[in-house]
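Chemist: Sending over a structure as structure tokens; questions will come in a sec.
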Amino acid sequence: MGFTVADYTVFVLLLVLSSAIGLFYALSGGRQRTVQEFLLANRSMSFLPVALSLLATFQSAVAILGVPAEIYRFGTEYWFLGCCYFLGLLIPAHVFIPVFYRLHLTSTYEYLELRFNKAVRVCGTVTFIFQMVIYMGVVLYAPALALNAVTQFDLWGAVLTMGLVCTLYTTLGGLKAVIWTDVFQTLVMFAGQLAVIVVGTVKVGGMGRVWQLAADQGKISGIDLNPDPFERHTFWTLAVGGVFMMLSLYGVNQAQVQRYLSSRTEREAVLSCYAVFPCQQVVLCLSCLTGLVMFAYYQEHPLTAAQSQASSDQVSAGIDPRALSQGWGPGPPSWGTPVRQSSGQLPSSPGDGPSALLPSGPHGLPARRESCPVPA
């Protein structure tokens, strides 16, 4: 199945609007002429856009496709990850943010030199640059894979297109463009997930039917207090281990700290961290419900043998055209039927993942390099 005119229109429009945001901030205000404006948005941002940008930074296509696939294959135990969010955000809000903000840092790795020495700072900086370069590659490849699976859009064409657009608006507009593009693309991702849940639920016969089909196949899990660390998911690995994951992402990650430091005041920075908590819970619920709806849908309309061989991520992406291909009425649509309702929105939902996360890497790397000069 290829892109329809509606698909191309929505997808291109999203990329154009993202680029336009970068162009707007390149031509307004201080025109990104200073390090403070380009890297820290002149410390002028309010808490709400910062919070949505914090959310979008690691809500990539990896999560949009991966979490529903996890629920689809292994059940709802993963949902208990939400138990770690409160503590995982409370600690950064009251331990890390005050330290970084009051020291007027640009990079988290400046603190390592203040606390230890330059060798530790350089080691941490180089290690993190390697980690982000690898991660950005994964984040860019995942939505390209989704677009390829759903629409037969050229895999490397998608990689090149999204990479160039992200580079363009990041270079032009600095952190302000990155934050406001994150806000825009977060709303698009939410809309895409909601569309899949609503239409998929209607096609199956209601949320009660979705829950029943999942429960009948053992996909609804209770709290597992098994202390065995080798279990795939337990309350302890998710709730306790998840706290440390959240600390690494929202406490010391350069992409996130850079957003905290762009806030107008320390209080705004703390509020932005608090505001991430309900947003994270909504994102987790949407992703898990998407997985349940996807499972119920494929129980009602089984995949063929060839389709079953596809990776779980490709199956996650494949629900979009199947669920929407024949409108809102019941009945199994064919795998390759053209999408007729809101089709352009849905491929763009995972496609917005790298546009939200990817700029954080190239925009954060100059901050690390700027604050960590290498002597000649």
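Using the three backbone atoms N, Cα and C, a Cβ is placed for every residue, glycine included.
Note that TrEMBL annotation is computational and uncurated.
If you look up TrEMBL, you'll see 339-348 marked as compositional bias 'Polar residues'. Per TrEMBL, the feature compositional bias 'Basic and acidic residues' maps to 367-376. According to TrEMBL, the region 'Disordered' annotation covers 314-376. If you look up TrEMBL, you'll see 6-27, 47-67, 79-101, 122-143, 155-175, 187-206, 234-252, 273-298 marked as transmembrane segment.
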Chemist: Against the transmembrane segment (79-101), which of these stretches has the most C-beta pairs under 8 Å: 47-67, 122-143, 273-298?
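Modeler: The stretch I would name here is 273-298.
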Chemist: Give the nonlocal contacts of the transmembrane segment (234-252) in its own chain as ranges (CB under 8 Å, at least six residues past its ends).
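Modeler: The answer is 54, 58, 77-78, 80-81, 83-85, 87-89, 91-92, 95-96, 108, 223-228, 273, 276.
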